[in-house]
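Report on the following structure.
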Amino acid sequence: MTQFTLADRLATLPPYLFAQIDKVKAEVAARGVDIISLGIGDPDMPTPDFVIEALKKAAEKPANHQYPSYTGMLAFRQEVANWYKRRYAVELDPKTEVLTLIGSKEGIAHFPTAFVNPGDLVLVCPPCYPVYAIASRFMGGVVQELPLLEENDFLPDLDAVDEATWEKARCIFVNYPNNPTAAMAPRSFFEKLIGIARKHNVIVVHDAAYTEMYYNENNRPLSIMEIPGAMDVAIEFNSLSKPYNMTGWRIAMAVGNASLVAGLGKVKENMDSGAFQAVQEAAIVALRDGDAFLAEIRDIYRKRRDTVIAALNKIGITCRVPEASLYVWARVPEGYTSSDFVTRVLQETGVVMTPGNGFGAAGEGYFRISLTVNDERLEEAVSRIASL
């Protein structure tokens, strides 16, 4: 069989982080080891019944099995606008400032196609979701890193970026609550970022996939669209995947500056055929009726977080107590690199975790635990780690 070479843009990519982890996990499982996966952030709990029932009803409508609108059902976009108004007190025009996505990863990956030309400077903040940099490089963008350091509360040091860089920058990707560090950004950070972006005409791309996964009602994560002036320069990606246990459904939204939303929409109308309408109808129900469910989910994850933090502290592993996200971000024990520690834990105990350096060099010295198994399995996982 002929072996064809990859395009240069693919040939230079490092292996995708989670694909590498899956390979080692399969090798360990083949030895008969009981695997506890704390790697990928994929909720273990089912989609709520009321959303599934809504999908069943929507799937019975013949019209929903035809091609959907490229921009998404207006009814879904209206419900997104309603939810933003209720949750963040943000006014959105559902016709021009909301776009339906086939999952937020799809929208984030397509965004540079619309707005990044070869040679454009793109700022990313590692440790972070690898797609920001990969998608930008695919379009010929030049990626510059603003590292997230623990001593700066895992916020990029905006003051360390000189005026010339801001003038040259096309866009900056930020993500709060943050994956993988679980950090939250205060209003003052967003205000400063939006001020800089407006001054230098920089696009702010905010990945807000974890805003509903918080543990303190008195410190709820912000939407960047709450910040005065954000509508001038920002687009925000949000998703139903994590809060509603709908990762496999692939339904999300982009909101914000109308020209940014329209540009992304133009890419999508040429690259995909929209989200299944029955899923959009079910998502309407989730956004409209899901507040009580979300409160229950937050309680479950809060207990899991506390279980992991207590167990890690007991064996001498230190970490901050996260106030949001599905993750615990902890330092590796002295004498290990991130990859060495995570690989040893997986090979000797069957516990899957994510090495911090998989999110960029700034993540070296850390590992990430996903809170996506029940308390009993979490305790068992940390017990196995302690046995090393």
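Cβ coordinates come from backbone N, Cα and C, glycine included.
Taken verbatim from Swiss-Prot:
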type    : residues                                                                      : note
BINDING : TYR16, GLY41, LYS105, TYR129, ASN179, ARG368                                  : substrate binding site
BINDING : TYR70, SER104, LYS105, TYR129, ASN179, TYR210, SER239, LEU240, SER241, ARG250 : pyridoxal 5'-phosphate binding site
MOD_RES : LYS242                                                                        : N6-(pyridoxal phosphate)lysine
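The subset of recorded positions (TYR70, SER239, LYS242) lying with their Cα within 10 Å of the Cα of LYS105 (substrate binding site) consists of SER239, given in sequence order. Taking every pair among TYR70, SER104, LYS105, TYR129, ASN179, TYR210, SER239, LEU240, SER241, ARG250, the residues listed as contacting pyridoxal 5'-phosphate, the largest Cα to Cα separation comes to 29 Å.
For the residue listed as 'N6-(pyridoxal phosphate)lysine', the same-chain residues lying six or more positions away in sequence with a CB closer than 8 A to its CB are GLY41, PRO43, ALA209, TYR210, GLU212, MET213, LEU326. Of all residue pairs in the substrate-binding list (TYR16, GLY41, LYS105, TYR129, ASN179, ARG368), the one with the greatest Cα separation is 20 Å apart. The secondary structure of LYS242 (N6-(pyridoxal phosphate)lysine), as reduced to three states from DSSP, is coil rather than helix or strand. Every protein chain shown contributes to the tally, and the Cβ of TYR16 (substrate binding site) ends up with 13 other Cβ atoms within 10 Å.
The local packing around TYR70 (pyridoxal 5'-phosphate binding site), expressed as other Cβ atoms within 10 Å of its Cβ over all shown chains, amounts to 17.
In three-state terms derived from DSSP, ARG368 (substrate binding site) belongs to an extended strand segment. Cα spacing between TYR70 (pyridoxal 5'-phosphate binding site) and TYR129 (substrate binding site): 26 Å, rounded to the nearest whole number. Taking the C-alpha positions, the distance from TYR16 (substrate binding site) to SER241 (pyridoxal 5'-phosphate binding site) comes to 20 Å. Close to TYR129 (substrate binding site) in the fold, though at least 6 residues off in sequence, lie ILE108, ASN175, ASN179, ASP207, PHE359, each with a CB less than 8 Å from its CB. According to its DSSP assignment, LYS105 (substrate binding site) is helical. For the binding-site residues ASN179, SER239, SER241, counting C-beta atoms within 10 A of each C-beta gives the highest total at SER239.
Between the CA atoms of SER241 (pyridoxal 5'-phosphate binding site) and ARG368 (substrate binding site) there is a gap of 19 Å.
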